[in-house]
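As annotated by TrEMBL, substrate binding site applies to ARG31, ARG32, THR33, TYR34, LYS89, TYR146, ARG150, SER154, ARG213, MET214, HIS215. According to TrEMBL, the feature domain 'Pyridoxamine 5'-phosphate oxidase N-terminal' maps to 57-180. Among the features that TrEMBL reports, FMN binding site is placed at 84-89, 99-100, 105-106, GLN128, 163-164, TRP207, ARG217. What TrEMBL lists as domain 'Pyridoxine 5'-phosphate oxidase dimerisation C-terminal' is 194-234.
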Amino acid sequence: MRGVNGIRNASAQEYRLVDATPRPPTLAGLRRTYEGEPLLESDLASDPIEQFTAWFQDALAAGLPEPNAMVLATASAGGRPSARTVLLKGYDERGFVFYTNYESRKGRDLTENPRASLLFPWHPIRRQIRVEGTVTRISHEESAEYFESRPYGSRIGAWASRQSAVVRSREELDHRYEELAARWPENPPVPDFWGGFRVTPIEMEFWQGQLDRMHDRLRYRRVRPGWALERLAP
């Protein structure tokens, strides 16, 4: 049968429209199933820094990109929170070290309110580590030693970027970089507004994903002179 304009009028039995457009998953349906051996208290070292080292080596061996990338959460004196990703550049029994512009938002937050939280999200190996602690600036000598180990371009960049300040354009930023590179064609000095912070942990939690959201959460809590190890409900 022909209809208006010669278009065939088909019954539902003759033709059926099929929407082949792939549908994105809903947020409610986005989830990953974790399976593996449980994480037991007996599996962990008595010291959280030692345990961090073991898991960090596992992350390196698994080929995770930038396993030293960590989410740093801070809050202003008024309690306004903010978070960003920074790179871990050193750690030992004293804590975890990263470097930044002291005049940036995180630098100002940590000067006003010297407490922070770190998060290492290693989800491809079904793990994450959370650190809470107090924050202090490291010595100028330590900061200078690290600064001088950085690539030349990164050292100029530390001078060129007034981190977290508003800039009119990318061109303005590039022009400032070029000016400073011309000023210091080699060996730029350490800026007095740049250096390292150390997060000294008072609590560290080791998380490992498990089936049916029955995840393992084991927390080290500072109880001087050592640490108490506790299991938390998932």
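Using N, Cα and C of the backbone, Cβ positions are placed for all residues, glycine too.
For ARG213 (substrate binding site), the spatially nearest entry among the binding-site residues VAL86, LEU88, GLN128, SER164 is GLN128, judged by CA separation. Comparing CA positions across the binding-site residues ARG31, THR33, ARG150, HIS215, the one lying closest to LEU88 (FMN binding site) turns out to be ARG150. Straight-line distance linking the Cα atoms of ARG31 (substrate binding site) and GLN128 (FMN binding site), rounded to a whole number, equals 16 Å. With the fewest other C-beta atoms within 10 Å around its C-beta, THR33 stands out among the binding-site residues THR33, GLN128, SER164. Largest Cα-to-Cα span within the substrate-binding set ARG31, ARG32, THR33, TYR34, LYS89, TYR146, ARG150, SER154, ARG213, MET214, HIS215: 43 Å.
Within the set of binding-site residues THR33, LYS89, ARG150, the entry lying nearest in space to ARG217 (FMN binding site) is THR33 (CA atoms).
Secondary structure counts, DSSP: the domain 'Pyridoxine 5'-phosphate oxidase dimerisation C-terminal' (194-234) has 3 helix, 30 strand, 8 coil. Here the domain 'Pyridoxamine 5'-phosphate oxidase N-terminal' (57-180) has, by DSSP, the following mix of helix, strand and coil residues: 46 helix, 43 strand, 35 coil.
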